[in-house]
Amino acid sequence: MFRNLAIAAIAILATASFASAQGQCNANTPCPNNLCCSKYGYCGVGTEFCGTGCQNGPCEGSQGQCSSTKACADPNHCCSQYGYCGVGAEFCGTGCQNGPCEGTGTNCSKTKACANEDHCCSQWGYCGLGSEFCGAGCQNGPCEGNTTTTTTATTTSTTASPTTTTSTTATSEPTPTNPPRDDRTCDANTACFPGDCCSKFNFCGSTAEHCGEGCQHGPCQ
């Protein structure tokens, strides 16, 4: 009888050890079967796994969670140092992991202007000049389509009243509406990364072959 109990105890311990080894996880190693990874690195369900400290899986309250590799659903939101999405200094300031974080140089948004006030904030959140920044989707700065009116007064010796000339200037250029592709291909509706031209052969680059004859958009020559 004691021998049978000993064998059963050894079997239970071996099974528990195997389950622990198989269940180990971390922030970068998810659990199988959509389980939660607890703060202690084990897979399971329930508050002790999916609650405070949960590292991976369907963690409780994970609706707004984000990380340095997981952006917020709204591209204008920042991921705070604590892994939550929002706007303002507590999200976009110190410790910001992703999104239009403060102090990241070229990044901008509808609520964050470019450091150079003459630059536009593109629909992709970058500062610069030209139609790819100031055209369709421009979020901030001197965007194209903002009508500028100039008034000039001219006085001659033959009249007592000044002559006023009013001119209205509006710039309108076709601007791609789709984001840049990693393979650097483009077309009339697909943008290149800032500073690149889309050649007549639908490739992005900054050489004369890209920005010269047939250039579709970007800083064409």
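Every residue gets a Cβ built from N, Cα and C, even glycine.
Database features (TrEMBL):
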type	residues	note
SIGNAL	1-21	signal peptide
DOMAIN	22-61	domain 'Chitin-binding type-1'
DISULFID	C31-C43	disulfide bond
DISULFID	C36-C50	disulfide bond
DOMAIN	89-145	domain 'Chitin-binding type-1'
DISULFID	C120-C134	disulfide bond
REGION	150-182	region 'Disordered'
DOMAIN	183-221	domain 'Chitin-binding type-1'
DISULFID	C192-C204	disulfide bond
DISULFID	C197-C211	disulfide bond
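This view paints the features noted in TrEMBL onto the structure.
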{"residue": "C36", "record": "disulfide bond", "contacts (Cβ under 8 Å, 6+ apart)": "C43, G44, V45, F49, C50, C54, N56, G57, P58, C59"}
{"residue": "C120", "record": "disulfide bond", "contacts (Cβ under 8 Å, 6+ apart)": "C114, C127, G128, L129, F133, C134, C138, N140, G141, P142, C143"}
{"residue": "C192", "record": "disulfide bond", "contacts (Cβ under 8 Å, 6+ apart)": "E132, P180, R184, C186, C198, C204, G205, H217, G218"}
{"residue": "C197", "record": "disulfide bond", "contacts (Cβ under 8 Å, 6+ apart)": "C204, G205, S206, H210, C211, C215, Q216, H217, G218, P219, C220"}
Other parts of the chain folded back onto the domain 'Chitin-binding type-1' (22-61), taken as Cβ under 8 Å at six or more residues beyond its ends: 67
The domain 'Chitin-binding type-1' (89-145), counted residue by residue under DSSP: helix, strand, coil: 8 helix, 8 strand, 41 coil
Model confidence over the domain 'Chitin-binding type-1' (22-61), averaged pLDDT: 83
Around the Cβ of C43 (disulfide bond), the count of other Cβ atoms that are within 10 Å: 23
Counts by DSSP class (helix H/G/I, strand E/B, coil) across the domain 'Chitin-binding type-1' (22-61): 9 helix, 9 strand, 22 coil
Secondary structure content, the domain 'Chitin-binding type-1' (183-221) (per DSSP, counts of residues): 4 helix, 9 strand, 26 coil
